[in-house]
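Asker: Quick one: the structure is below, questions incoming.
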């Protein structure tokens with residue numbers, strides 16, 4: 001068995017975010033000045049953590065954010081950053097480049113909730129989830145190949161044991177103090193929302209005490225940070241997550257005035 005930490009960060013703000021315009025996959029914008037500051041603040045917040053693996057969407061706003069985070073990190077500046085199109089934002093088809101209000105109007109006209117509506121040419125939520133599931137399978141395999149040679153539990157240990165509940169003290173290293181394998185992902189708001197829902201609803205991720213479901217499924221802010229501890233088990237059909245523990249979701253402590261002023 002192998003346990004590893006998974007920290008997921010949304011990219012920093014772009015001008016399209018500020019103007020409430022949909023970007024999706026077809027609008028490949030750069031970070032705004034505020035987005036640069038947010039990414040630097042996230043980097044400062046995470047600077048003492050060691051990321052053994054880094055994966056990023058191949059859209060520029062995510063790549064820039066990841067580069068800034070790693071540039072501020074004291075232990076991971078040399079970690080290879082792997083660009084993966086599976087981590088791209090949800091495709092919004094004909095709605096890309098248009099105001100978010102336009103998407104709401106299209107959904108209302110179709111008699112659907114905006115979150116569930118798929119504009120012409122866009123990706124369904126199920127298609128986005130399928131992308132994330134494909135990424136997870138690849139990630140699990142890579143984690144075991146690169147870090148699973150010395151399993152964290154002896155093969156002679158009888159029966160599976162559930163990992164201990166992580167200590168959550170509101171610090172950047174919550175949940176990872178004794179987890180040496182740590183993966184960073186930088187992706188996008190709609191993709192992260194679908195991913196978190198899959199981890200919680202489909203894979204039955206264990207949530208920390210006091211975390212409300214409304215918080216779990218709330219939109220991720222720019223450079224919002226979520227963290228999970230995943231325990232893998234080797235099976236004949238391939239690696240499987242035997243236990244997933246959520247540490248926190250959509251944390252934005254680094255966007256407080258003190259962190260933002262330090263990043264300027």
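Numbers here mean position along the shown chain, with the first residue as 1.
Each residue, glycine too, has its Cβ placed from N, Cα and C.
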Asker: Among the residue ranges 106-125, 126-145, 146-165, 166-185, I'd like the one that TrEMBL describes as region 'Disordered'.
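Answerer: So the range that TrEMBL calls region 'Disordered' is 146-165.
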Asker: List nothing but the largest Cα to Cα distance in Å, as a whole number, among the residues 10, 11, 12, 13, 14, 15, 16, 17, 61, 100 that the record says bind substrate.
Answerer: 19
Asker: Give me the count of other Cβ atoms within 10 A of the Cβ belonging to residue 10 (substrate binding site).
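Answerer: Around the Cβ of residue 10 (substrate binding site), 30 other Cβ atoms lie within 10 Å.
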Asker: Pick from 11, 61: which of these recorded positions has the biggest number of other Cβ atoms within 10 Å of its Cβ?
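Answerer: Output for this query is 11.
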Asker: Among the recorded positions 12, 14, 16, 89, which residue has its Cβ surrounded by the fewest other Cβ atoms within 10 Å?
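Answerer: Among the recorded positions 12, 14, 16, 89, the sparsest Cβ neighbourhood within 10 Å belongs to 16.
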Asker: Measuring Cα to Cα, how many angstrom lie between residue 12 (substrate binding site) and residue 89 (active site, proton donor/acceptor)?
Answerer: 13
